[in-house]
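As structure tokens, the structure follows; a few thoughts come after it.
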Amino acid sequence: MMDESADIKPVPTSEDVAAPSGTEPVAPAPKKKRARTSTKAIMAAIEQRLGHTFADISLLTTAFTHVSALKSSRGRCDSYQRLEFLGDHVLGLVVSDMLYRAFPKADEGELSKRLADLVRKETCIDVAKSLDLQEGVKLGAVGAGAGARLRRSVLGDICEAVIGAVYLDGGYAAAAAFVERNWLERMRKPVRPLRDPKTVLQEWAQGKGLPTPVYREVERTGPHHDPRFRVAVELPGLESSEGIGGSKRAAEKAAASAMIVREGVK
């Protein structure tokens, strides 16, 4: 039997092949580095999602700049804070107009409840997430925090700042169009109960002949600029309930809500 392995010759490598006479050896091509997405490309993508092309792109850039990204306190006016202030009021005006036209039979109390629900921070955070606005946020070392974690509150602020930027760039009509695109479906949803859960729990306890609920801080975690609180609420004869929040007040509300749900408080 013929040894087939004798006919198999090794494939020459680049080191085995001599360069033709009179030519320099060809150096291997350098490895390509993965290109980072430029700020300009990110802003262009965000413009598309917003549905507004900025004549002054610096307004959009400022709307995404957290104060921690600035080198000195003198540059605070270059952060999104002023635009957030403006956008907050523009949002309130546009949503008020939308509610007035959408619910002609609603009284002032119902309109106020619906307005409060639609302009609250959590709603702005939801809108920001739906538009992937976190992609454009500019944070400094302090703002980024441990693990470059983006605080939820920053997203809500930026959403309002974007509204302010659109208003300055395109006027009321442009800002109103943006708000209507992103708030219309939310406006059509049933309004949530807006009463403070701590008040609801206290009134329920009093009706049962119980003392005022006691709130106790159980734990505080996280860095100084982004703390997380765990609070327990206690009532005699009932199992305590706990809540977590970015402030003691928020954690207390969460704890009260947990007890309200568990006890079936209406």
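Backbone N, Cα and C define each Cβ position, glycine as well.
Residues or ranges marked as region 'Disordered' by Swiss-Prot: 1-35.
The domain 'RNase III' annotation in Swiss-Prot covers 43-171 and rests on sequence analysis.
Positions annotated as Mg(2+) binding site by Swiss-Prot, on the basis of sequence analysis: GLU84, ASP157, GLU160. The DSSP secondary structure for GLU160 (Mg(2+) binding site) is helix.
For ASP88 (among others), the entry in Swiss-Prot reads active site, with the evidence type sequence analysis. Cβ neighbours within 10 Å of ASP88 (active site), excluding its own Cβ and spanning all shown chains: 18. The DSSP secondary structure for ASP88 (active site) is helix.
On its own chain, GLU160 (Mg(2+) binding site) has LEU83, GLU84, GLY87, ASP88, LEU91, CYS124 as residues at least 6 apart in sequence with a Cβ closer than 8 Å to its own Cβ. As annotated by Swiss-Prot, active site applies to GLU160 (among others).
Taken from Swiss-Prot, the feature domain 'DRBM' applies to 196-265. Residue counts for the domain 'DRBM' (196-265) under DSSP, split into helix (H, G, I), strand (E, B) and coil, are 27 helix, 20 strand, 23 coil.
With every protein chain in view, the residue among the binding-site residues GLU84, ASP157 whose Cβ has the most Cβ partners within 10 Å turns out to be ASP157. Excluding GLU84, ASP157, GLU160, which define the Mg(2+) site, the same chain contributes TYR80, GLN81, LEU83, PHE85, GLY87, ASP88, CYS124, GLY156, ILE158, CYS159, ALA161, GLY164 within 8 Å (Cβ to the Cβ centroid), listed in sequence order.
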